[in-house]
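**Q** In case it helps, TrEMBL gives these features for our protein:
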ACT_SITE  Glu239  active site, proton donor/acceptor
DOMAIN    3-150  domain 'Histone acetyl transferase HAT1 N-terminal'
DOMAIN    249-300  domain 'Histone acetyltransferase type B catalytic subunit C-terminal'
SITE      Trp162  site 'Interaction with histone H4 N-terminus'
Amino acid sequence: VRFPEDLEDDNTTFNPEYSHQVFGDDYDRLSICFIQYKLQYYIPKYYTTLQIGYTSKVNEKFDCVEADDVESKIREIIPPGFCTNTDDFVSLLEKEVNFKPFGMLLHTYSIHNEEAGEDITYQIYKADMTCPGFREYHERLQTFLMWFIETASFIDVDDERWNYFLVFEKYNKDGATLFATVGYMTVYNYYVYPDKTRPRVSQMLILPPFQGEGHGAQLLETVHRYYMSSPTVLDITAEDPSENYVKLRDFVLVKLCQDLHCFSPGKLMQGFSQEMVMEAQQKLKINKQHTRRVYEILRLRATDMGDAEQSRSYRLDVKRRLIGPYKKKQRELAKMRRCLRPEELTNQLNQIDLNMQHEQLEESFQQLVSDYRRVLERLAQA
(Lines of atoms letter the chains of each structure in order from A and count residues from 1; the text may use other names and numbers.)
(Lines give C-alpha, C1' and ligand atoms only; values in the text may rest on other atoms or scores of the structure.)
Protein backbone atom coordinates (compact mmCIF):
# COMPACT_ATOMS: atom_id res chain seq x y z
CA VAL A 1 0.00 0.00 0.00
CA ARG A 2 1.38 3.41 -1.01
CA PHE A 3 -1.75 5.56 -0.79
CA PRO A 4 -5.18 5.17 0.85
CA GLU A 5 -6.81 4.36 -2.50
CA ASP A 6 -4.59 1.28 -2.77
CA LEU A 7 -6.49 -0.36 0.07
CA GLU A 8 -9.36 -1.20 -2.28
CA ASP A 9 -7.19 -2.01 -5.30
CA ASP A 10 -7.00 -5.76 -5.96
CA ASN A 11 -3.87 -5.21 -8.07
CA THR A 12 -1.91 -4.48 -4.89
CA THR A 13 -2.88 -7.83 -3.36
CA PHE A 14 -0.87 -11.06 -3.58
CA ASN A 15 -0.92 -14.39 -1.77
CA PRO A 16 1.76 -16.00 0.42
CA GLU A 17 3.58 -19.10 -0.83
CA TYR A 18 4.66 -20.77 2.43
CA SER A 19 1.91 -20.22 5.01
CA HIS A 20 2.70 -23.60 6.55
CA GLN A 21 5.90 -22.10 8.01
CA VAL A 22 3.73 -19.89 10.21
CA PHE A 23 0.78 -22.15 10.95
CA GLY A 24 2.29 -25.64 10.66
CA ASP A 25 1.50 -28.45 8.24
CA ASP A 26 -1.39 -29.70 10.39
CA TYR A 27 -3.50 -26.74 9.31
CA ASP A 28 -3.83 -28.28 5.85
CA ARG A 29 -5.05 -31.54 7.35
CA LEU A 30 -7.32 -30.32 10.11
CA SER A 31 -8.96 -27.23 8.61
CA ILE A 32 -12.68 -27.27 9.25
CA CYS A 33 -13.60 -23.77 8.09
CA PHE A 34 -12.23 -21.15 5.74
CA ILE A 35 -9.99 -18.56 7.37
CA GLN A 36 -8.95 -15.32 5.72
CA TYR A 37 -6.15 -13.27 7.19
CA LYS A 38 -5.27 -9.98 5.55
CA LEU A 39 -1.99 -8.18 6.12
CA GLN A 40 -1.61 -4.66 4.80
CA TYR A 41 1.88 -3.17 4.57
CA TYR A 42 2.56 0.53 4.11
CA ILE A 43 5.24 0.18 1.49
CA PRO A 44 7.96 2.63 2.65
CA LYS A 45 8.27 1.62 6.32
CA TYR A 46 6.11 -1.51 6.34
CA TYR A 47 3.77 -0.53 9.11
CA THR A 48 1.16 -3.27 9.25
CA THR A 49 -2.52 -3.96 9.81
CA LEU A 50 -3.79 -7.45 10.61
CA GLN A 51 -7.42 -8.41 10.03
CA ILE A 52 -8.77 -11.96 10.39
CA GLY A 53 -12.13 -13.35 9.32
CA TYR A 54 -13.65 -16.85 9.18
CA THR A 55 -16.82 -18.55 8.00
CA SER A 56 -17.38 -20.56 11.18
CA LYS A 57 -15.66 -21.70 14.35
CA VAL A 58 -15.50 -25.06 16.12
CA ASN A 59 -17.62 -25.37 19.22
CA GLU A 60 -18.64 -27.89 21.82
CA LYS A 61 -20.22 -30.25 19.30
CA PHE A 62 -16.69 -31.17 18.15
CA ASP A 63 -15.39 -33.58 20.77
CA CYS A 64 -11.83 -32.93 21.99
CA VAL A 65 -11.24 -30.18 19.40
CA GLU A 66 -10.37 -26.61 20.28
CA ALA A 67 -10.30 -23.71 17.84
CA ASP A 68 -6.77 -22.86 16.79
CA ASP A 69 -5.57 -19.39 17.67
CA VAL A 70 -4.63 -18.18 14.19
CA GLU A 71 -3.94 -14.63 15.28
CA SER A 72 -1.36 -15.67 17.86
CA LYS A 73 0.60 -17.53 15.16
CA ILE A 74 0.82 -14.38 13.04
CA ARG A 75 1.64 -12.25 16.07
CA GLU A 76 4.75 -14.39 16.60
CA ILE A 77 6.34 -13.03 13.42
CA ILE A 78 4.90 -9.51 13.25
CA PRO A 79 6.49 -6.95 15.60
CA PRO A 80 4.21 -5.30 18.17
CA GLY A 81 2.49 -2.06 17.24
CA PHE A 82 0.55 -3.22 14.21
CA CYS A 83 -2.90 -1.79 13.51
CA THR A 84 -6.12 -3.78 13.68
CA ASN A 85 -8.36 -1.41 11.74
CA THR A 86 -8.12 0.52 8.50
CA ASP A 87 -8.64 3.99 10.01
CA ASP A 88 -5.50 3.79 12.15
CA PHE A 89 -3.58 2.47 9.16
CA VAL A 90 -4.69 5.37 6.94
CA SER A 91 -3.50 7.84 9.57
CA LEU A 92 -0.02 6.31 9.28
CA LEU A 93 -0.09 6.78 5.51
CA GLU A 94 -0.72 10.47 5.99
CA LYS A 95 2.08 10.92 8.56
CA GLU A 96 4.94 8.98 6.93
CA VAL A 97 5.41 10.92 3.69
CA ASN A 98 9.04 11.91 4.30
CA PHE A 99 10.61 8.45 4.26
CA LYS A 100 14.19 8.30 2.96
CA PRO A 101 16.23 5.13 2.24
CA PHE A 102 18.64 3.91 4.90
CA GLY A 103 22.39 3.76 4.50
CA MET A 104 24.79 4.43 1.64
CA LEU A 105 23.74 4.65 -2.01
CA LEU A 106 25.61 2.07 -4.12
CA HIS A 107 23.85 1.98 -7.47
CA THR A 108 21.10 3.69 -9.49
CA TYR A 109 19.42 2.14 -12.52
CA SER A 110 16.28 2.54 -14.61
CA ILE A 111 13.80 0.02 -16.04
CA HIS A 112 11.21 0.87 -18.66
CA ASN A 113 7.66 0.27 -17.47
CA GLU A 114 5.33 -0.57 -20.35
CA GLU A 115 2.16 0.11 -18.35
CA ALA A 116 3.35 3.53 -17.18
CA GLY A 117 5.00 4.26 -20.52
CA GLU A 118 8.14 5.63 -18.88
CA ASP A 119 11.44 4.69 -17.27
CA ILE A 120 11.27 4.11 -13.51
CA THR A 121 14.31 4.79 -11.35
CA TYR A 122 15.57 2.37 -8.70
CA GLN A 123 18.36 2.68 -6.15
CA ILE A 124 20.33 0.13 -4.14
CA TYR A 125 21.61 1.02 -0.65
CA LYS A 126 23.82 -0.68 1.90
CA ALA A 127 22.62 -0.28 5.49
CA ASP A 128 23.42 -1.53 8.98
CA MET A 129 21.88 -1.38 12.42
CA THR A 130 23.57 1.91 13.24
CA CYS A 131 21.26 3.73 10.80
CA PRO A 132 18.52 5.50 12.83
CA GLY A 133 15.22 3.65 12.53
CA PHE A 134 16.64 0.78 10.46
CA ARG A 135 16.31 -1.87 13.19
CA GLU A 136 12.55 -1.28 13.52
CA TYR A 137 12.15 -1.12 9.74
CA HIS A 138 14.03 -4.41 9.27
CA GLU A 139 11.89 -6.15 11.90
CA ARG A 140 8.80 -5.38 9.82
CA LEU A 141 10.38 -6.06 6.44
CA GLN A 142 11.78 -9.48 7.40
CA THR A 143 8.29 -10.85 8.06
CA PHE A 144 8.01 -11.34 4.29
CA LEU A 145 10.66 -14.07 4.53
CA MET A 146 8.24 -16.36 6.35
CA TRP A 147 5.68 -16.03 3.57
CA PHE A 148 7.98 -16.29 0.55
CA ILE A 149 11.22 -18.18 1.38
CA GLU A 150 11.03 -21.84 2.32
CA THR A 151 12.70 -22.79 5.64
CA ALA A 152 13.24 -19.09 6.36
CA SER A 153 14.27 -17.85 9.79
CA PHE A 154 15.05 -14.49 11.35
CA ILE A 155 18.69 -13.50 11.80
CA ASP A 156 20.51 -12.19 14.88
CA VAL A 157 20.60 -8.47 14.12
CA ASP A 158 22.89 -7.81 17.09
CA ASP A 159 25.72 -9.59 15.25
CA GLU A 160 27.73 -6.81 13.62
CA ARG A 161 28.98 -9.11 10.85
CA TRP A 162 25.67 -8.79 8.98
CA ASN A 163 25.37 -6.45 5.99
CA TYR A 164 22.04 -5.37 4.53
CA PHE A 165 21.40 -4.36 0.92
CA LEU A 166 18.09 -2.81 -0.07
CA VAL A 167 16.42 -1.94 -3.38
CA PHE A 168 14.07 1.07 -3.53
CA GLU A 169 11.85 2.43 -6.26
CA LYS A 170 12.10 6.20 -6.57
CA TYR A 171 8.96 7.98 -7.76
CA ASN A 172 7.14 11.33 -7.60
CA LYS A 173 3.66 12.29 -6.47
CA ASP A 174 2.34 15.82 -6.19
CA GLY A 175 5.86 17.21 -6.51
CA ALA A 176 7.28 15.05 -3.69
CA THR A 177 9.98 12.40 -4.14
CA LEU A 178 8.88 9.12 -2.55
CA PHE A 179 10.44 5.67 -2.14
CA ALA A 180 9.02 2.14 -2.15
CA THR A 181 10.91 -0.94 -0.97
CA VAL A 182 11.42 -3.44 -3.80
CA GLY A 183 13.51 -6.11 -2.05
CA TYR A 184 16.59 -6.80 0.02
CA MET A 185 19.48 -9.12 0.74
CA THR A 186 21.33 -10.06 3.92
CA VAL A 187 25.00 -11.07 3.79
CA TYR A 188 27.09 -12.54 6.61
CA ASN A 189 30.85 -11.88 6.70
CA TYR A 190 32.65 -15.05 7.77
CA TYR A 191 36.22 -14.87 8.99
CA VAL A 192 38.84 -16.72 6.91
CA TYR A 193 42.26 -17.28 8.47
CA PRO A 194 44.45 -15.31 8.69
CA ASP A 195 43.16 -11.94 7.44
CA LYS A 196 40.29 -12.45 4.99
CA THR A 197 36.50 -12.59 5.03
CA ARG A 198 34.07 -14.67 2.99
CA PRO A 199 30.72 -12.86 2.53
CA ARG A 200 27.90 -15.40 2.36
CA VAL A 201 24.49 -14.46 0.99
CA SER A 202 21.93 -15.62 3.53
CA GLN A 203 18.56 -14.27 2.40
CA MET A 204 17.43 -12.58 -0.79
CA LEU A 205 13.89 -11.53 -1.61
CA ILE A 206 12.36 -9.38 -4.32
CA LEU A 207 8.79 -8.65 -3.28
CA PRO A 208 6.11 -10.23 -5.52
CA PRO A 209 4.84 -7.02 -7.20
CA PHE A 210 8.37 -6.37 -8.50
CA GLN A 211 9.44 -9.88 -9.51
CA GLY A 212 10.35 -10.66 -13.11
CA GLU A 213 11.65 -7.14 -13.80
CA GLY A 214 15.39 -7.77 -13.37
CA HIS A 215 15.83 -6.38 -9.85
CA GLY A 216 17.36 -9.58 -8.50
CA ALA A 217 20.16 -9.44 -11.07
CA GLN A 218 20.76 -5.76 -10.36
CA LEU A 219 20.93 -6.42 -6.62
CA LEU A 220 23.25 -9.43 -6.84
CA GLU A 221 25.60 -7.72 -9.28
CA THR A 222 25.74 -4.59 -7.10
CA VAL A 223 26.57 -6.68 -4.02
CA HIS A 224 29.32 -8.48 -5.94
CA ARG A 225 30.78 -5.20 -7.14
CA TYR A 226 30.69 -3.83 -3.59
CA TYR A 227 32.76 -6.73 -2.21
CA MET A 228 35.04 -6.90 -5.27
CA SER A 229 36.56 -3.57 -4.25
CA SER A 230 37.68 -4.92 -0.86
CA PRO A 231 41.20 -6.46 -0.65
CA THR A 232 40.19 -8.40 2.48
CA VAL A 233 37.42 -10.37 0.74
CA LEU A 234 38.46 -13.85 -0.42
CA ASP A 235 35.33 -14.84 -2.35
CA ILE A 236 31.54 -14.60 -2.20
CA THR A 237 29.28 -17.60 -1.55
CA ALA A 238 25.65 -18.33 -0.66
CA GLU A 239 24.01 -20.31 2.11
CA ASP A 240 21.92 -23.24 0.85
CA PRO A 241 21.01 -21.51 -2.45
CA SER A 242 17.70 -22.28 -4.11
CA GLU A 243 17.47 -23.41 -7.72
CA ASN A 244 16.25 -19.96 -8.77
CA TYR A 245 19.12 -18.29 -6.96
CA VAL A 246 21.67 -20.54 -8.71
CA LYS A 247 20.20 -19.56 -12.10
CA LEU A 248 20.36 -15.89 -11.15
CA ARG A 249 23.95 -16.25 -9.93
CA ASP A 250 24.93 -18.01 -13.16
CA PHE A 251 23.66 -15.07 -15.18
CA VAL A 252 25.34 -12.42 -13.03
CA LEU A 253 28.71 -14.20 -12.84
CA VAL A 254 28.79 -14.93 -16.57
CA LYS A 255 27.99 -11.28 -17.25
CA LEU A 256 30.90 -10.22 -15.01
CA CYS A 257 33.38 -12.79 -16.37
CA GLN A 258 32.71 -12.68 -20.10
CA ASP A 259 35.12 -9.79 -20.70
CA LEU A 260 38.02 -11.27 -18.75
CA HIS A 261 41.03 -12.21 -20.87
CA CYS A 262 41.08 -15.80 -19.66
CA PHE A 263 37.50 -16.34 -20.90
CA SER A 264 38.19 -15.32 -24.50
CA PRO A 265 36.89 -17.86 -27.08
CA GLY A 266 40.39 -19.13 -27.83
CA LYS A 267 41.13 -19.76 -24.15
CA LEU A 268 37.73 -21.41 -23.60
CA MET A 269 38.30 -23.97 -26.34
CA GLN A 270 41.56 -25.01 -24.66
CA GLY A 271 39.66 -26.19 -21.58
CA PHE A 272 39.22 -25.15 -17.96
CA SER A 273 42.42 -23.73 -16.52
CA GLN A 274 44.02 -22.50 -13.32
CA GLU A 275 44.38 -19.13 -15.03
CA MET A 276 40.58 -18.83 -15.06
CA VAL A 277 40.38 -19.75 -11.39
CA MET A 278 43.01 -17.18 -10.40
CA GLU A 279 41.69 -14.29 -12.48
CA ALA A 280 38.05 -14.82 -11.47
CA GLN A 281 39.02 -15.05 -7.80
CA GLN A 282 41.40 -12.10 -7.76
CA LYS A 283 39.34 -9.68 -9.84
CA LEU A 284 35.75 -10.74 -9.15
CA LYS A 285 35.91 -12.72 -5.86
CA ILE A 286 34.45 -15.83 -7.51
CA ASN A 287 35.42 -19.23 -6.12
CA LYS A 288 36.64 -22.22 -8.15
CA GLN A 289 33.32 -24.08 -8.17
CA HIS A 290 31.40 -21.10 -9.54
CA THR A 291 34.19 -20.28 -12.00
CA ARG A 292 33.86 -23.78 -13.45
CA ARG A 293 30.14 -23.21 -14.15
CA VAL A 294 30.94 -19.86 -15.77
CA TYR A 295 33.52 -21.58 -17.96
CA GLU A 296 31.03 -24.24 -19.07
CA ILE A 297 28.39 -21.65 -19.95
CA LEU A 298 30.78 -19.44 -21.91
CA ARG A 299 32.35 -22.42 -23.64
CA LEU A 300 28.88 -23.52 -24.73
CA ARG A 301 28.45 -20.10 -26.34
CA ALA A 302 31.82 -20.47 -28.10
CA THR A 303 31.07 -24.03 -29.27
CA ASP A 304 29.38 -24.90 -32.54
CA MET A 305 27.13 -27.69 -31.29
CA GLY A 306 26.32 -28.52 -34.91
CA ASP A 307 29.92 -29.54 -35.40
CA ALA A 308 30.29 -33.17 -34.33
CA GLU A 309 33.84 -32.81 -33.06
CA GLN A 310 33.23 -29.59 -31.11
CA SER A 311 30.01 -30.98 -29.67
CA ARG A 312 31.69 -34.21 -28.57
CA SER A 313 34.61 -32.32 -27.01
CA TYR A 314 32.22 -30.10 -25.02
CA ARG A 315 30.08 -33.04 -23.88
CA LEU A 316 33.09 -35.03 -22.66
CA ASP A 317 34.52 -31.98 -20.88
CA VAL A 318 31.33 -31.35 -18.90
CA LYS A 319 30.71 -35.03 -18.21
CA ARG A 320 34.21 -35.42 -16.77
CA ARG A 321 33.10 -33.04 -14.04
CA LEU A 322 29.66 -34.57 -13.60
CA ILE A 323 31.06 -38.10 -13.36
CA GLY A 324 32.90 -37.29 -10.11
CA PRO A 325 30.22 -38.72 -7.77
CA TYR A 326 29.94 -41.86 -9.91
CA LYS A 327 33.70 -42.43 -9.78
CA LYS A 328 33.48 -42.10 -6.01
CA LYS A 329 30.94 -44.92 -6.01
CA GLN A 330 33.29 -47.05 -8.07
CA ARG A 331 36.11 -46.47 -5.58
CA GLU A 332 33.76 -47.44 -2.78
CA LEU A 333 32.86 -50.56 -4.73
CA ALA A 334 36.53 -51.51 -5.04
CA LYS A 335 36.88 -51.24 -1.25
CA MET A 336 33.78 -53.40 -0.83
CA ARG A 337 35.28 -56.14 -2.97
CA ARG A 338 38.22 -56.34 -0.57
CA CYS A 339 36.30 -56.04 2.67
CA LEU A 340 32.80 -57.51 2.32
CA ARG A 341 31.63 -61.08 2.42
CA PRO A 342 30.14 -62.38 -0.88
CA GLU A 343 26.53 -62.03 0.24
CA GLU A 344 27.14 -58.47 1.48
CA LEU A 345 28.88 -57.56 -1.77
CA THR A 346 25.97 -58.90 -3.82
CA ASN A 347 23.57 -56.73 -1.84
CA GLN A 348 25.66 -53.62 -2.50
CA LEU A 349 26.10 -54.43 -6.20
CA ASN A 350 22.35 -54.64 -6.57
CA GLN A 351 22.18 -51.02 -5.49
CA ILE A 352 24.73 -49.89 -8.10
CA ASP A 353 23.28 -50.21 -11.59
CA LEU A 354 25.93 -49.00 -14.03
CA ASN A 355 23.48 -48.61 -16.89
CA MET A 356 21.28 -46.45 -14.71
CA GLN A 357 24.29 -44.34 -13.76
CA HIS A 358 25.06 -43.68 -17.43
CA GLU A 359 21.42 -42.70 -18.03
CA GLN A 360 21.49 -40.35 -15.05
CA LEU A 361 24.74 -38.82 -16.25
CA GLU A 362 23.30 -38.10 -19.70
CA GLU A 363 20.12 -36.71 -18.16
CA SER A 364 22.15 -34.40 -15.89
CA PHE A 365 24.17 -33.21 -18.88
CA GLN A 366 21.11 -32.42 -20.98
CA GLN A 367 19.43 -30.55 -18.09
CA LEU A 368 22.61 -28.56 -17.50
CA VAL A 369 22.89 -27.57 -21.17
CA SER A 370 19.23 -26.50 -21.12
CA ASP A 371 19.88 -24.30 -18.08
CA TYR A 372 23.03 -22.88 -19.64
CA ARG A 373 21.18 -21.96 -22.84
CA ARG A 374 18.63 -19.98 -20.85
CA VAL A 375 21.45 -18.04 -19.20
CA LEU A 376 22.96 -17.27 -22.61
CA GLU A 377 19.58 -16.20 -24.01
CA ARG A 378 19.11 -13.79 -21.13
CA LEU A 379 22.66 -12.53 -21.55
CA ALA A 380 21.99 -11.81 -25.24
CA GLN A 381 18.95 -9.72 -24.29
CA ALA A 382 20.70 -7.78 -21.52
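Yeah, the Cβs are placed from backbone N, Cα and C, and that goes for glycine too.
On a predicted model such as this, the values are computed, not experimentally measured, just so you know.
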**Q** Can you check which residues sit near Glu239 (active site, proton donor/acceptor), meaning Cβ under 8 Å from its Cβ, same chain, 6 or more apart in sequence, and list them in order?
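**A** Looking at Cβ-Cβ distances below 8 Å from Glu239 (active site, proton donor/acceptor), excluding near sequence neighbours, one finds Tyr188, Arg200, Val201, Ser202.
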**Q** If you draw a 10 Å sphere on the Cβ of Trp162 (site 'Interaction with histone H4 N-terminus'), how many other Cβ atoms land inside?
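**A** The Cβ of Trp162 (site 'Interaction with histone H4 N-terminus') has 17 Cβ neighbours within 10 Å.
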**Q** State the mean pLDDT for the domain 'Histone acetyltransferase type B catalytic subunit C-terminal' (249-300).
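**A** Averaged over the domain 'Histone acetyltransferase type B catalytic subunit C-terminal' (249-300), per-residue pLDDT gives 97.
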**Q** Could you put numbers on the helix, strand and coil content of the domain 'Histone acetyltransferase type B catalytic subunit C-terminal' (249-300), residue by residue per DSSP?
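**A** Breakdown, helix to coil: 40 helix, 0 strand, 12 coil.
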